[in-house]
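Pulled from TrEMBL:
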type: REGION; residues: B:1-28; note: region 'Disordered'
type: TRANSMEM; residues: B:30-57; note: transmembrane segment
type: DOMAIN; residues: B:87-298; note: domain 'ABC transmembrane type-1'
type: TRANSMEM; residues: B:88-108; note: transmembrane segment
type: TRANSMEM; residues: B:120-145; note: transmembrane segment
type: TRANSMEM; residues: B:165-185; note: transmembrane segment
type: TRANSMEM; residues: B:230-251; note: transmembrane segment
type: TRANSMEM; residues: B:277-299; note: transmembrane segment
Amino acid sequence: MMNNMSRRQVLAALAGGAAVMATTAGCGFKSAGASSSSPDGDVSYWTQVDPTNTVQQAAISAFNKTAKGQVTLSEIASTGYLSKIQTAMGSSAMPGLFFNWGGGSLSEYVKAGKLVELDASLKSHFLASPLQAGIVDGKFVGLPCRGTQPVFLYYNKSLFAQAGVQPPATYDDLLNLVQVFKKRGVIPFAIAGTSANSWTELMWIEYLVDRLAGPDLFKSIAGGDWSGWKDPSILQAAQMVEELVAAGAFGTTFGSVNYGAGGTSTLFATGRAAMQLMGSWDYATLQGISADFTANDLGYVAFPAIGGGKGDPKNVSGNPTNYLTMTTAAARTTATDFLQTVFSDSYVLGLVKMGEVPVTTNTKSLLSQSSDPAYSNFLYDLVADAPSFTQSWDQALGSTLATPMLTEIQKLFNGQDSPAQFVSNVLAIQS
Amino acid sequence: MTSLTGDRPSHRAGAGPEIRRAAPGKGRPGVGWAVPGLLFFGLFALLPMAGVVYLSLTSWNGITAPQFTGWHNWSRFLGDHQMVQSTLVTGVLLVGNIAVQAPISILLGVWSAGRQRNRAVLSAIFFLPLLLSTAATAVMWRQLLDPNFGLPSKMSWLFLGDQNMLGTQAGAIVCLIAVTSWQFIPFHTLLYQGAARNVPATLYQAAELDGAGRVRQFWSITLPQLRNTVVTSTTFMVVGGLTAFDVVLLLTNGGPGTDTAILPFQMYQTAFVTYDYGYASAVATFLLLLATGASLLLVRLTGYHKMNSTLEGL
């Protein structure tokens, strides 16, 4: 008896462990998604939890007062948002409208025929460059619905004044500044090199490649021509990264530094790093660390030009904006009518007041009501004047390709990959 | 958990006269008692396992229906250098964790088995890390290990080099073992404490009469008496080590590069980041075989299945 029992307990413990593993691999989400067959029925709208949910809800409440079909907002935690969408798209719980990042994140859904093509006349209400990432596989499926988030150089004005230098206009200026700040015991650029944050390193590659080769190279890679990585400017960009790391542009311990408060943002806001290449969203984080810093010492410029490069120095990269996408589960009339609200003055003003810079044509006139009009106008002009807005590569490629690519970028920065190895390893991702 | 229903004390099962007739004298419970347990086991263990094995033979992105691809995932798995590296790292972490945790928990467990008040108080404090969630402790340690604002910046005498703890493979592995040990040594200590308290005092009294010192008593009495607990604790460490990935996910995210990407982490990333459920299922099946094999081997090698009592002859 004793013998049998203990053996069974051991087996039960093993089976328990196995069951946990097995369910981890097979679990899914269930959620009530309102799908309707009648064109003026109800529509469920999935979004990620963030402070602008109140603006979205206000637009929905106003819409629901007069419309026949009702729109309901589901606010979903940002952790797991993408996988929840992914799971729902294969099931009957598919939302009618959902908030997303455009580009490659939508391409599987377009191929599977889950999305509805939007009316081209909607395009006239938006700036040209941010619309591009809403057009996937030639189909206009993403309507800009949020602020733009370009990536640019943030710098600390008082550190620059103490050193008697100006923000970089060319790449040579940038290399010179690395030496200036290293001598003063300041980290030239804050960067987060831990594995979960290698997207901060990707931003450097994005800009170096854009300035060297122009935006078309990555466009063709994202369009499916993976051999584009063989282009000499990719290798050159990787070599420039190697030189920057060797020159101490990012300090020596960046491999253990995380992004955000307590990491890069704190390094920068407290004057321990002179610059950072980062997206516009970091303004709010910096403000949270020191409102005094953002009010007095925060400077910002576009990424510098590289001599001899083919890319226009006015090009930007980053997250053009977020998008609202309609699925086949949506009650068509209700959803189409609702999409008219995302470029209305009241919706845009609501976003502007929260520090966002929407990409609608009516945004500019409303920016004076932002809490920091100088910063908001800088963002708007940066995007409005840009001949091309390259979407963050990880978003544009989709996670299947982006995850191994980010790993290789991290290895390049860590010195685990030489520039040549980096190129061949990335090429091997899709062979 | 399944055995709870299956192993009810027999005298309660033998209440009806029929059962008593069916098993005269013994009164063992009938097969019927195992049904709820078997159902539970079948539904939540066997069925998902079969599902994972099936999915490992398909290509599935979660949106469209799974496509049967035969052995494609498996031949890819066998030729995947990353998986070889992941298996090695999993092994290194496993061995490292056992090598660090087992001796410390045995010593602490035996020490805390003493009835002195200071030991009781210190044991209670020492038990605390086990009460915290792994996710919370991993996030806390990630902050604590920050080279600019964490412990390394304040205690440079302890953290050698330039304090780039998570940025090198060796550093990241040491950090992972340290954080896991910090959290789970209390659990294993608890196992050893309970077992050490069950060692009959008469053995020590006899040993003292024979002139055995403390160290001799530990090696000749305490350790042999803890034999079964050593097996239990090690089995937990092996199975737990092969399936746990939360610390890796939150502390290093498999980095630097893929240097700490253990198998469960690879499985998670393949399934839920790159949405390749077919290949992830192949990794899951491999892990399932590995964990089951390792545990059975452990039980065999140690003679645990014979369940010899440590109290024979007393």
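Quick reminder: no glycine exception, Cβ is built from N, Cα and C everywhere.
At the 8 Å Cβ cutoff, the transmembrane segment (B:88-108) and the transmembrane segment (B:277-299) share fewer than 3 close pairs (sequence separation 6 or more) and do not count as touching.
Counted over residue pairs 6 or more apart, the CB atoms of the transmembrane segment (B:230-251) and the transmembrane segment (B:30-57) come under 8 Å in fewer than three pairs, which marks the two as apart. With a cut-off of 8 Å on Cβ pairs spaced 6 or more residues apart, the transmembrane segment (B:120-145) and the transmembrane segment (B:30-57) reach fewer than 3 such pairs and are scored as not touching.
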